[in-house]
Amino acid sequence: MAAQGRGSAARGNAAAVVALVLLCVLLHGELAESAVYTVGDRGGWSFNSGSWPRGKRFRAGDVLVFKYSPTAHNVVPVSAAGYSSCSAPRGVRALTSGNDRVTLKRGVNYFICSFPGHCQAGMKVAVTAA
């Protein structure tokens, strides 16, 4: 009887290992499909970036790279309201490296430059990820 119990536990452990391996394979496949996009292409993050997403298909998990001069610009993730009004909520942390990477979430992802007048002059982008 004791041997039968051990065999049952071993089968349960084997099933758990197989499930874990399958989960890892699925997760790796999801990550392997992620694409990396440079906002503004060769021109980088700059004024009039709003039309840059046109014609591109983004997915949740894709990565946007914002390349810019950190002494002249920044990147601030904002809500739809912040995008429309060109305002960042208090306490939000601006990205300031000049080579920022942001992973897209499902839905619309909004970004602005919070330097005075920059967003109003077109330095903002909205990217929709499926």
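Keep in mind that glycine also has a Cβ here, set from the backbone N, Cα and C atoms.
Feature list (source: TrEMBL):
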type: DOMAIN; residues: 35-130; note: domain 'Phytocyanin'
type: SIGNAL; residues: 1-32; note: signal peptide
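Under DSSP, residues within the domain 'Phytocyanin' (35-130) fall into helix, strand and coil as 12 helix, 31 strand, 53 coil.
On the 0 to 100 pLDDT scale, the model's mean across the domain 'Phytocyanin' (35-130) is 97.
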